[in-house]
């Protein structure tokens, strides 16, 4: 039951996306949504070690109570200080386009595939390091460090690319970043050692992590949040399916097939997005 409630609270990120997109100028909406996602990513990065520290010092009951109090304080803060955006900014009912159409579905697929590329590796990373002849104990310790490293580059890449989006055509930027990220995914299959593997993975996450806020910002005019909510569900689905795909494919094949399978998923999503969004009417 607590996990269900926690999952429902996780959906509040959609509300945050709507607030950020509605309160940002069209020039800086990509930057602001990127900052919003980076805040979530930072929380995911520091949450586990803080939780472990709280459980060690306060016990499990104390850790749960402390976390619940933090959530409660956050909700109270939002109740008093988060304001509704002006009603005149809402799109009139008669002018609304259908919430879910072909372009929205393709954008959802791109968000899903990008999240899968980010999330598939942690579940199999110790096995990857053992494949590079690292002993089991060191592989587990190194996996945690590497996840933190490429999460940091994901935050950096999101920040820089979302700022760049204010100066270039956003759909073309998404396509180029998606293609480069997919190429990096393929290169994981030919890495000769741990150093090159980690370096390529860090570069890949720096690009792939920026795709979601860039896609979200391209739909920021959807002020009622239907499309943003749908796109955000692609992130949730990718978070759930990434580790599952990683372990499932690896159970029936090897690491090279795993990397190429994830790359194929990303390539299909990027190519579909390119054909759908890169026309003259969508170049901005």
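Note that the numbers count up from 1, one per residue, in the order the chain is shown.
Cβ coordinates are placed from backbone N, Cα and C, and glycine is handled just like the others.
TrEMBL entries are annotated by machine, without manual review.
Your range for transmembrane segment, going by TrEMBL and the list 145-166, 167-188, is 145-166. As annotated in TrEMBL, transmembrane segment covers the listed stretch 63-82 rather than the other ranges in 63-82, 83-102. Annotation: stretch 145-166 has the most Cβ pairs under 8 Å to the transmembrane segment (196-216), among 63-82, 105-125, 145-166, 236-252, 258-278. Only residues 6 or more beyond the boundaries of the transmembrane segment (105-125), in the same chain, are considered here, and those with a CB under 8 A from a CB of the stretch are 143, 146-147, 154, 174, 178, 181, 185, 201, 204-205, 208-209, 211-212, 215, 218-219, 230-235, 237-239, 241-243, 245-247, 250, 255, 258, 262, 265-266, 268-270, 272-273, 276-277.
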